[in-house]
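Copied over from TrEMBL:
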| type | residues | note |
| --- | --- | --- |
| DOMAIN | 34-170 | domain 'Potassium channel inwardly rectifying transmembrane' |
| TRANSMEM | 71-92 | transmembrane segment |
| TRANSMEM | 140-166 | transmembrane segment |
| DOMAIN | 179-341 | domain 'Inward rectifier potassium channel C-terminal' |
Amino acid sequence: MSTKREEQIIDTYYTSIHTLHRRNANEERWLRYMQKDGRFLVSFRKCPVDWSPYLQDIFTTLIEIRWRTMFLFFSLSYILSWIFFGLLYWLIAYINGDTQSVDNNPCMDNVRGFTEAFLFSMETQATIGYGHRGMTENCIGAIIVFTIHDVFSCLLDTIVIGIVVAKMASARKRAQTVGFSSCAVVNLRNGDLCLSWRLGDFRGNHILEGFIRAHLVRYVKQREGSVVMLYQELDLENPHVVLAVPTTIIHKLKPGSPLYRMAPDDLLEEHFELVVCFTYTGDSTGLLHQTRTSYTPADIRWGQIFQDILKVGKRHYKVDYALFNETTWVSVPMLCAEAYEGERRHPNEDDSLIPPVTENGNIYWATIDCPEEVVVRTSL
């Protein structure tokens, strides 16, 4: 027969689970600070005609714009340059009288009108050289314009190639192949409550060095209506990561942690985000990259653990990324870390079972007095 304490544990447990499910459904009502893909939901309001920050750093601006906008910009830069120098060549030919007579000494061979001047400009800049039109030694002005045009074409080609290469090697593309788990979990590790999440590299080549940081971010509304963002850094057990295989990042819920006094019920009422950043150097390009994500309280699963995805084969270590985000229930007390440490110092004799939880066709039984991550699964 269940005691009063057992009934309270059961009611609290199921209430927390159902409330968490409702919170997941209504999560979008609360504005996130960062999306799951690492993009910040921050917009800047400024003078609409103030383009100076973008023009002063035009290289970064061209890298950040979309591909179709960049192609349009570079196509226009080439076409407008052909037209501009074509007008100069036509003006030289007009002043020299090449457009009125074919018997004088021309500045440029076979350039009698604007169409020929435009083609001569395009052939010069693109170094096509059909052999029908060419520069002569009769006009020093035409030779000067031709020299300037040649130097300008080399500079423009260098800029275009450099920006295209930099855009193709953008850190954002590499960051899409390094991912965090879709959720974070709270479970017992060596008798201590810990918050953890997974990090993995989905490419064949590996990251040999990286550093991970985590901040708890929340905003506080002031009386004047302004908003203040508060940041608290979390101490991690393994901030330096060698990402040859997926690894689990661990934060121990100890005194000084912002989650030390938060129980499962408290998480349901909190409004914060756990912003995680992984900075690393790619072994193929040597460029510095960063992958980011965030976890809200609804993304934190209390009393679960990630499934094992690493196995030892005869010749290789085998990683099953199909289980990268999969979790299972384990025995975890439904208490904050502070209360749990207090109970460990003064244990009660009426510790009892947490009721079973059904998930994916299986029943998971767990006890709150078991110090290890042990779970018994019964198939339905």
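Note that Cβ sites are derived from N, Cα and C of the backbone, with glycine treated the same way.
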Tally of residues which DSSP labels helix, strand or coil - the domain 'Potassium channel inwardly rectifying transmembrane' (34-170): 83 helix, 6 strand, 48 coil
Segment confidence, the domain 'Inward rectifier potassium channel C-terminal' (179-341), expressed as mean pLDDT: 85
